[in-house]
Amino acid sequence: MAWATLLLPLLNLYTGSVASYELTQLPSVSVSPGQTARITCSGDVLGENYADWYQQKPGQAPELVIYEDSERYPGIPERFSGSTSGNTTTLTISRVLTEDEADYYCLSGDEDNPS
């Protein structure tokens, strides 16, 4: 049975008096259980600010998975990892389980101006 995750096209905008930030993700990533999933997100703001990753399962609120580029939130399995290089951040899920099926969102911005 194939495992698929649907990533809604993400367009996060912050409009202020000084700047406008935009982050983009691919629409979807599909892998089989046991494989490695890599989900990328890109945007100019990532070169200057941390990236956070959220997981949202159907009917549930989003939950923080990775913060400050690569820090795992307490209780998140070690299979989840994050990295950022230049203007691209990547969420990697190793040894994917069917329970990992969800929407994943990247967010970034400084403390005063999140995007």
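Any Cβ shown, glycine's included, is placed from N, Cα and C.
Annotated in Swiss-Prot:
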type	residues	note
DISULFID	C41-C106	disulfide bond
DOMAIN	21-115	domain 'Ig-like'
CARBOHYD	N87	N-linked glycosylation site
REGION	20-41	region 'Framework-1'
REGION	42-50	region 'Complementarity-determining-1'
REGION	51-67	region 'Framework-2'
REGION	71-106	region 'Framework-3'
REGION	107-115	region 'Complementarity-determining-3'
SIGNAL	1-20	signal peptide
By DSSP assignment, list the helix, strand and coil residue numbers for the region 'Framework-3' (71-106), in that order.
3 helix, 18 strand, 15 coil
Residue counts (helix, strand, coil, in that order) that DSSP gives for the region 'Framework-2' (51-67):
0 helix, 11 strand, 6 coil
For C41 (disulfide bond), which of the three DSSP-derived states applies: helix, strand, or coil?
strand
Within its own chain, what residues at least 6 apart in sequence put their Cβ under 8 Å from the Cβ of the residue listed as 'N-linked glycosylation site', listed in sequence order?
S42, G43, D44, L46, G47
Taking DSSP states H, G and I as helix and E and B as strand, how many residues of the domain 'Ig-like' (21-115) are helix, strand and coil?
7 helix, 48 strand, 40 coil
For each of the disulfide-bonded residues (C41, C106), count the other CB atoms lying within 10 A of its CB, then report the residue with the highest count.
C106
